[in-house]
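Annotation source Swiss-Prot lists (6S)-5-formyl-5,6,7,8-tetrahydrofolate binding site at R26, E86, R125, K455. The K(+) binding site annotation in Swiss-Prot covers N232, T251, I253, T256. What Swiss-Prot records for 232-237, 251-257, 276-279 is GTP binding site, and it gives sequence analysis as the kind of evidence. Look at Swiss-Prot and you will find S236, T257 tagged as Mg(2+) binding site. Taken from Swiss-Prot, the feature domain 'TrmE-type G' applies to 222-376.
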Amino acid sequence: MTLTQEFDTIAAISTPLGEGAIAIVRLSGTDALKIAQSVYKGKNLAQVASHTINYGHIFEEERLVDEVMVSVMRAPKTFTREDIVEINTHGGIAVTQEILQLLLRNGARLAEPGEFTKRAFLNGRIDLAQAESVMDLIRAKTDKAANIAVKQLDGSLSKMINNIRQDILESLAQVEVNIDYPEYDDVETMTSQMLLEKTAHFEQLLENLLSTAKRGKILREGLKTAIIGRPNVGKSSLLNQLLREEKAIVTDIAGTTRDVITEFANIGGVPLELVDTAGIRETDDLVEAIGVERSKKALAEADLVLLVLDASLELTDKDLELLELSKNANRIVLLNKTDLPEKLDINQISGDFIRISALKNENLSAVEEKINQIFFAGEIEAKDATVLSNARHISLVEEALKALKEANNGLALGLPVDLIQVDVTRCWQLLGEITGEAAPDELITQLFSQFCLGK
C-alpha cells in the first residue's frame with residue numbers, strides 16, 4: 001500500500017458553474033479543516049465526528065456570505081486519503097466564487113484539473129485505470145457506458161490485469177532463478193516447452209480481453225452516424241425522433257438543412273453521434289453547397305450510415321447514386337413516409353431495408369435492433385464481463401499481445417529461454433502502464449490534465 005504523500009491543501013468548485021439549487025466547494029489536504037474553519041461560523045470542525053454534515057454560515061470577516069452545510073471527512077477514509085471538507089452552498093456563480101476566493105486567501109491553493117483524483121491515485125486509493133474510469137463515468141452518455149465505467153471504477157479491469165501480471169512475474173522469476181543458479185537441483189527448471197505453455201495461456205487471456213474492445217469503445221465513444229438522403233426525404237424528422245426533441249427544422253422546402261447538425265442520442269444504450277446532413281443534390285446556393293460537401297465528408301467518416309429514401313415517390317437518379325455511394329458502409333436503408341401510399345420499387349434496392357414513418361414515429365425500434373445486430377451481434381453488453389473501452393488501454397493490450405506473440409514465435413523456433421525473457425518482460429511492463437504500476441510521470445500528468453476542475 002502506498003503511504004499518503006504530503007501535499008499542500010487545494011480547493012476548487014466541484015459542481016458545474018451556473019444557476020442551481022446547490023453548489024459544492026471542495027478542500028483536500030492537511031490544512032483543510034483549519035482553512036474551512038477560518039471562514040466558517042458554526043461547530044468547531046476540528047472536534048466534529050468524521051463523515052458528518054454540519055450547519056453554519058460563511059463569513060468574510062463580519063459580513064455574511066452564505067448559509068451552508070459543511071461535510072467533514074477525515075483521512076484516510078476519504079477519496080484522496082487526505083482530510084476533505086466540502087462546503088455545500090446555494091447555487092450560483094457569485095456565491096461559490098466568493099467562497100472559493102475566501103479559501104484561497106486563507107491558505108488554500110486552486111486545484112489543477114483532476115488534482116483530487118490524481119491525489120487519490122498517488123496516495124494509493126485507486127490505480128490509474130480506476131482514475132480514468134472516473135472521467136469515463138462523468139462523460140458517459142448512456143446507462144450501458146456508465147455501467148462499464150462503474151465496473152472499472154470498482155476494479156474489474158485492474159484485478160484482471162494485476163492477476164495476469166502476477167502470473168507473468170512468477171514465470172519470469174523462475175526463468176531468472178534458472179539463469180542465475182543453474183547448479184541448484186531443488187529448483188524446477190523452466191524449459192522452453194513449459195514457458196511456451198504459459199505464454200500461450202497469457203496470450204489467450206489477452207486475446208479474450210481484446211475481443212471486448214470494439215463493443216467497449218463504441219459504448220464509451222459512440223457511433224458516428226451520418227443521416228443521408230436527398231433533400232426533403234425526412235432526414236430532419238428522423239433526427240428529431242431519435243433525439244426525442246425538435247433540433248432540426250422540418251419543412252416541405254428542399255434545402256432547409258443547409259449545414260451539418262450534430263447531436264448525441266441514446267439508442268438502446270448505444271450513444272449515437274447523429275449527423276443530420278444537408279440534402280445531397282446539385283445546388284447554386286453557395287451556403288447550401290458548402291453543406292453538401294460537408295455531408296459527403298460526414299458520409300466518408302461515419303461508422304454507421306442511415307440512408308433515408310422517400311417511399312411515397314419513385315427512386316430518383318440521386319437516390320440510386322446514394323445507394324451506390326454508401327454500399328460498402330455499415331448502412332441501414334430506411335424507407336420513410338410509410339404513412340403515405342408506397343410508390344418506391346423495392347426491387348431497385350439491394351440488401352435489407354426498414355420501413356418507417358419518421359413523422360409518426362413508427363417502427364423506429366427496428367432501427368435500434370438493426371444497429372444492435374450490425375455492431376454487437378445481438379448482444380450489446382455481456383453480463384459481468386470485463387470490457388476494454390479506453391483507447392489507451394486497448395493500445396497497450398495490443399502491444400502486450402504483440403510482445404507475447406514474438407515470445408511464442410521465438411520459443412517455437414527454439415531460441416533460448418533467456419532471450420525470450422525480454423519480450424515477456426516487455427509484455428509485463430506494458431500491462432503495468434494500464435494500472436499505473438509502470439506508467440511514466442509525464443503520462444500521468446497528461447492524463448489527469450484532461451479531467452475537469454474540481455474532480
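Cβ atoms here come from the backbone N, Cα and C positions, even for glycine.
Here the domain 'TrmE-type G' (222-376) has a mean pLDDT of 79 out of 100.
A distance of 45 Å separates the Cα atom of E86 ((6S)-5-formyl-5,6,7,8-tetrahydrofolate binding site) from that of S236 (Mg(2+) binding site). Per-site Cβ counts within 10 Å over the binding-site residues R26, R125, K235, K455 peak at K235.
Note: the Cα of S236 (Mg(2+) binding site) and the Cα of K455 ((6S)-5-formyl-5,6,7,8-tetrahydrofolate binding site) are spaced 37 Å from each other. When the Cα positions of R26, E86, R125, K455 are compared pair by pair, the longest gap among these (6S)-5-formyl-5,6,7,8-tetrahydrofolate-binding residues is 19 Å. You'll find the Cα of R125 ((6S)-5-formyl-5,6,7,8-tetrahydrofolate binding site) roughly 49 Å from the Cα of K235 (GTP binding site). Neighbour counts were taken at the CB atom with a 10 A radius for the binding-site residues E86, N232, S236; the maximum falls on S236. Looking at N232 (K(+) binding site) and K455 ((6S)-5-formyl-5,6,7,8-tetrahydrofolate binding site), their Cα atoms lie 45 Å from each other. K455 ((6S)-5-formyl-5,6,7,8-tetrahydrofolate binding site) sits 39 Å from K235 (GTP binding site), counting Cα to Cα. Cα of R26 ((6S)-5-formyl-5,6,7,8-tetrahydrofolate binding site) to Cα of K235 (GTP binding site): a distance of 46 Å. Reduced to three states, the DSSP call for S236 (Mg(2+) binding site) is helix.
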